[in-house]
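Feature annotation from TrEMBL assigns signal peptide to 1-16. Residues or ranges marked as transmembrane segment in TrEMBL: 36-57, 91-113, 125-146, 152-174, 195-221, 233-251, 263-281, 310-329.
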Amino acid sequence: LLMGMFSLQVSCLCGSAPCLLCGCCPSTKNSTISRLFFTFFLFLGTLVSVIMIIPGIEKELHKLPGFCEGSGSVLGVHTHVDCSGFLGHKAVYRMGFAMAAFFFLFAVIMLCVRSSKDPRAAVQNGFWFFKFLVLVGLTVGAFYIPDGAFTSVWYHFGMVGSFLFILIQLILLIDFAHSWSQLWLHNAGESNSKGWYAALCIVTFIFYATSTAATVLLYVYYTKPEGCTHGKVFISINLILCLIVSAVSILPKIQEAQPHSGLLQASLITLYTTFVTWSALANVPIRACNPTLLVRNSTSSATATQPLSTWWDAPSIVGLIIFILCTLFI
């Protein structure tokens with residue numbers, strides 16, 4: 001029975017256009033199925049990227065050709081550090097390149113498509129087995145790209161993309177907090193119960209209290225009385241901007257234009273930007289200003305004393321969780 005159900009679902013991967021057993025496909029809207037499958041591809045690529053930076057898997061990457069040939073830099077920084085210490089990171093770059101190319105390809109194919117009656121809509125909502133093959137092919141091909149300037153160039157693409165990604169996450173979090181506040185205020189109005197207002201205040205207080213405690217810890221652990229000026233500047237700027245955002249959110253003019261706006265949204269954004277500040281400070285390559293810095297010792301004695309940050313730290317794990325939650329929300 002289980003094998004039969006599995007084979008039935010696999011046959012639906014071909015989509016409604018090429019599927020010989022299209023009657024087995026669920027009656028859910030094609031657009032919903034498409035979003036679920038594309039999200040699955042995104043999570044699958046993310047999972048593969050995480051696996052590639054596991055130490056045991058990373059060692060196997062030595063067998064792949066071209067990873068360190070012709071490279072004069074590591075992640076965009078010219079240095080004498082042995083490339084073998086960054087094989088996992090380079091593999092993640094190639095996986096990211098394959099996924100970016102995959103989604104960009106289908107974004108171009110779907111340009112100016114306004115209706116499901118467009119012939120190209122069948123490509124968007126079907127052919128999932130072949131799309132999977134395309135993604136696998138792009139991934140395999142990406143791993144045969146000689147290192148050379150690829151890592152440095154893609155490093156800069158990653159910086160721009162990560163900046164845009166943070167902005168998108170901010171928009172999603174604001175939308176989520178707005179929907180949350182609107183729902184609880186609506187429930188409070190419908191039930192004439194003060195419990196909803198109390199719950200809203202408690203959650204807002206928890207967010208602000210967590211942000212305040214985190215800010216204090218950042219000052220304690222990521223700054224020094226002498227030095228670590230960049231840490232003091234980043235933390236202070238974030239604190240000032242969060243205070244401004246919180247004050248603006250309760251202004252009468254803002255309340256008139258957006259009655260459901262309030263401190264819940266501001267508190268959630270304050271917590272998120274505090275996390276972003278923590279993530280930035282956790283990547284500072286100065287041990288005196290970064291107590292969470294992890295050291296990866298290279299096999300080369302010339303580079304054994306170089307402090308290199310890995311991706312298995314708390315900010316990266318929290319960031320991955322936020323990414324998954326935001327993707328599921330949207």
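Just so you know, glycine gets a Cβ as well, placed from its N, Cα and C.
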*Count the Cβ pairs between the transmembrane segment (36-57) and the transmembrane segment (125-146) that lie under 8 angstroms and are 6 or more residues apart in sequence, then report whether there are at least 3.*
yes
*For the transmembrane segment (125-146), name the stretch out of 91-113, 152-174, 195-221, 233-251, 310-329 with the most CB-CB pairs under 8 Å.*
91-113
*Report the listed stretch (91-113, 152-174, 195-221, 233-251, 263-281) having the maximum count of Cβ pairs within less than 8 Å of the transmembrane segment (310-329).*
263-281
*In the same chain, which residue numbers or ranges, 6 or more beyond the ends of the transmembrane segment (195-221), come under 8 angstroms Cβ to Cβ?*
181, 184-185, 187-188, 231-232, 235, 238-239, 242, 262-264, 267-268, 270-271, 274-275, 277-278, 281, 291
